[in-house]
């Protein structure tokens, strides 16, 4: 049913692979069972599943998940997601890994094109639409940054990597100490940096 094809990347809580699942191309995230911080590993795995039942064009869709893993692997669980490619907004902004944006008559002298105004507006609208949907479902991402915005071959932005996300109780906000203070410090929400409550 599930066949790993090639690694796409790795991070603090696990590795991501391109794979096939029931014949369809998918992305598979294996959350590692960290011996240093087991609670954080578990929280990251379950946080990824905050969006498991949600479907939106600007949010990476979870297809399946399992806590079963081969004994030889130090994995807490496996999450199967739609495959949206391996290009992120980070690649596009900083010119890394974005083969499809190379240009001979580059504007910045770095061999890459600057984002056009149309692309900038389209990407911004996609991200805001995805965020508005997540917030309407009571989900806050808590690690929104260019590296977690995936861009499909059709140029659609999809928000991914929900390992730091929180599902807020209806009508309530959470104090910052309730949230796992994960995520990237330089991209942390202003209210968290100021010690205020998290709201959607």
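Just so it is clear, glycine is given a Cβ too, placed from its N, Cα and C backbone atoms.
Here the structure is a predicted model, which means the values were calculated and not measured.
Now, the feature entries from Swiss-Prot:
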type	residues	note
ACT_SITE	143	active site, proton acceptor
BINDING	8, 9, 10, 11, 12, 13, 14, 15, 16, 29	ATP binding site
DOMAIN	2-200	domain 'Protein kinase'
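Structure with Swiss-Prot features highlighted.
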| residue | record | Cβ contacts under 8 Å, 6 or more apart |
| --- | --- | --- |
| 8 | ATP binding site | 16, 17, 18, 27, 86 |
| 10 | ATP binding site | 16 |
| 12 | ATP binding site | none |
| 14 | ATP binding site | 29, 30, 31, 32, 44, 75 |
Non-site residues, in chain order, whose CB comes within 8 A of the mean position of the CB atoms of 8, 9, 10, 11, 12, 13, 14, 15, 16, 29 at ATP: 30
C-beta crowding around residue 143 (active site, proton acceptor), within 10 angstroms: 19
Any idea of the Cα spread of the ATP site, 8, 9, 10, 11, 12, 13, 14, 15, 16, 29, as a max distance in Å? 14
